[in-house]
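Before I ask anything, let me first share the structure, which is written out below as structure tokens.
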Amino acid sequence: MGLGERGGWDKSESRYCGVETEFEDDMPRLLSYNLSSSGFDFVVAPLMDPTYRPSLLEAENGSSHVLPFAGSDLVLSPSQWSSHVVGKISTWIDLDSEDEIFRMDSETTLKQEIAWASHLSLQACLLPSPKRASCANYARCVNQILQGLSNMQLWLRIPLLKTDEDSLDVDSDDLRDSWELWNSFRLICEHHSQLSLALDILSTLPSVNSIGRWFGEPVRVAIVHTDSFLTNARGYPCLSKSHQKLITGFFNHSVQMVLSGKPLHNIPAESTGSAANHIDKNVNSVERHPLRSYLDYVGYLYQRMEPLSEQERIELGYRDFLQAPLQPLMDNLEAQTYETFEKDSVKYIQYQRAICKALLDRVPDGKASAITTVLMVVGAGRGPLVRAALQAAEETGRKLKVYAVEKNPNAVVTLHSLVKLEGWENVVTIVSCDMRLWNAPEKADILVSELLGSFGDNELSPECLDGAQRFLKQDGISIPSSYTSFIQPITASKLYNDVKSHKDLVHFETAYVVKLHSVAKLAPSQSVFTFNHPDYSTKKSNQRYRKLHFVIPSDTGSAIVHGFAGYFDATLYKDVHLGIEPSMATPNMFSWFAIFFPLRQPICVQPGSPLEVHFWRCCGSIKVWYEWCVTSPRPSPIHNSSGRSYWVGL
């Protein structure tokens, strides 16, 4: 394993590091030199002799000739080909050349090499960078090849260049951003899920915002060139702070490193230590690989990363995994779901803090022993809020009478067991009923609920609490007292392709709960809908509408919007907050992931240009649903989630 062990749980693909090599017709020797004795995990190696040109070979030998591949499939075992070799497609090819013979040679060679790589069962092939800004024929041929591939990935090599460069070493001088090159290519390939990115990391980097776009793209490999490295005081290669931050970000997104280029550092002869001052005990008696010191330094960056926290390890399996939101009003939750939410101690600590403040406001110290506060937990589940309320009463020295209202008969069984086990029979009354149908025997001083969804109102908290507030005193307190939903535009290639894979409209009109990871957040979030409780307004609308304007920062460059991330922030009581909106999220809380509203067709937005978005929350007699669309920079269809709506019906 090239990069060593990172502290804690370590199963990321980014722990593997490869090396880019020249053409070698002795593949066993190539692997032995770069893997067995040098510490790399795989090679990115040419499959074809770089001097090969189909038209020249045919002119010399006619139609009968053997293609000059780097050895037969028998020189390595199938597992060696699959695990340790990435095919490097010939770099000379130019499928958009004006020279017809050269263009046809390029197309023929590309297809021959991909076919050979597929025969070898390689996991991936590295496609050369487009030679010019206009690469329609190259993209067309790759798209054609992708239609016939089974499992192999194609990595398109793209240089990570500044957006203010005059050109991209291509024939056109009007292309100032390498992302534009990638975007035009993948649009022609219809966002194919087997087309990924290999980013060339050079000595200069774009702005932080510009780099941020790439984390929402399908980057599989970062190719780090030796001329990107600086020299430390001891003569060893090292990277600038900005390069270190970029590489660490790639590690966190399971991007593999590939080292490329000739050694540019004269390592002191008396030492075989690494850039991290480690001694390389494995190569003392073997010729040292010329790029070993660079590998050691990248390994040092990997090993010094903070280990994953317990929360991150729990969430790891949910990263970028689409889930349908819960509908607890329509469905009865299972025990496993309750257990997951009950483990979120941070959430219940916040609820307990809010209840403490509410109790102190309702009952002055001088009347603490004389007044009993009536508190109703609506949607009590298996009792975590009941426990939080009783702990708050004990902490404040207030007397409490609790009604625990729960519609799920299975959870009610657990509630009865909990009350009996804890000896709460004289304090807690269990009510097995839908809160909207219950006729309370008395009015409540405090109404507590945890009906919030990832978007705040998407689990129908407004409808439920509007029905329950009839048994709250006129001066009573609702916890939460308000909540607001937020959205922000994101690049999310993986999420988009996962939705697209269903090949139907309904999945593009579904809002998904997802632990966002491989996404690029393109602009700060903005508020959408706010609900206050209790709400005694007599002019309640069955529909809410919001128009929002986002502007992508000018130094980001152009970006593609695959959809919108949704969040919420709630005021439980006074200054006690709870939420997942990124700028004010409650730390270490995992009960809610973000919600994702996809777009049927991605929208390309130019830097500094406005993105105009419209959101609706619609209410019918038995269901609630969302609608959303974009009107600028170009209109999108209305996305109507009524087919996957939230059921209110009793």
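Here the Cβ of each residue, glycine as well, is placed from N, Cα and C on the backbone.
In TrEMBL, annotation is done automatically, which means it is predicted and not curated.
In case it helps, TrEMBL gives these features for our protein:
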{"type": "ACT_SITE", "residues": "E450", "note": "active site, proton donor/acceptor"}
{"type": "ACT_SITE", "residues": "E459", "note": "active site, proton donor/acceptor"}
{"type": "BINDING", "residues": "Y338, K347, Y348, E406, D434, M435", "note": "S-adenosyl-L-methionine binding site"}
{"type": "DOMAIN", "residues": "39-304", "note": "domain 'PRMT5 TIM barrel'"}
{"type": "DOMAIN", "residues": "310-479", "note": "domain 'PRMT5 arginine-N-methyltransferase'"}
{"type": "DOMAIN", "residues": "482-648", "note": "domain 'PRMT5 oligomerisation'"}
{"type": "SITE", "residues": "F341", "note": "site 'Critical for specifying symmetric addition of methyl groups'"}
By CA-CA distance, flag whichever of F341, E450, E459 among the recorded positions is nearest to E406 (S-adenosyl-L-methionine binding site).
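Out of the listed candidates, the nearest Cα belongs to E450.
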Could you work out which of the recorded positions (E406, D434, E450) has its C-beta surrounded by the smallest number of other C-beta atoms within 10 A?
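Comparing Cβ neighbours within 10 Å for the recorded positions E406, D434, E450, D434 has the fewest.
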D434 (S-adenosyl-L-methionine binding site): which of the recorded positions F341, E450, E459 have a C-alpha within 10 angstroms of it?
none
Around K347 (S-adenosyl-L-methionine binding site), how many other C-beta atoms are within 10 angstroms of its C-beta?
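A count of 24.
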Looking only at Cβ atoms, how many others are within 10 Å of the one on E459 (active site, proton donor/acceptor)?
23
Can you tell which of the recorded positions F341, M435, E450 lies nearest to E459 (active site, proton donor/acceptor) in space, using Cα positions?
E450
For a quick check of understanding: given the listed S-adenosyl-L-methionine-binding residues Y338, K347, Y348, E406, D434, M435, what is the maximum Cα-Cα distance in angstrom, as an integer?
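Taking every pair of listed residues, the largest Cα separation comes to 24 Å.
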Measure from the CA atom of F341 (site 'Critical for specifying symmetric addition of methyl groups') to the CA atom of K347 (S-adenosyl-L-methionine binding site) and give the result in Å, rounded to a whole number.
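One finds 9 Å between the Cα atoms of these residues.
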Test of understanding: give the count of other CB atoms lying within 10 angstroms of the CB of Y338 (S-adenosyl-L-methionine binding site).
18
Within its own chain, what residues at least 6 apart in sequence put their Cβ under 8 Å from the Cβ of Y348 (S-adenosyl-L-methionine binding site), listed in sequence order?
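Same-chain residues close to Y348 (S-adenosyl-L-methionine binding site) (Cβ under 8 Å, separated by 6 or more) are P384, L385, R387, A388.
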Between E450 (active site, proton donor/acceptor) and M435 (S-adenosyl-L-methionine binding site), how many Å separate their Cα atoms?
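With the alpha carbons as reference points, the distance is 13 Å.
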Looking only at F341, M435, the recorded positions on record, which one has the least crowded Cβ, with the fewest other Cβ atoms within 10 Å?
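Checked F341, M435; of these recorded positions, fewest Cβ neighbours within 10 Å: F341.
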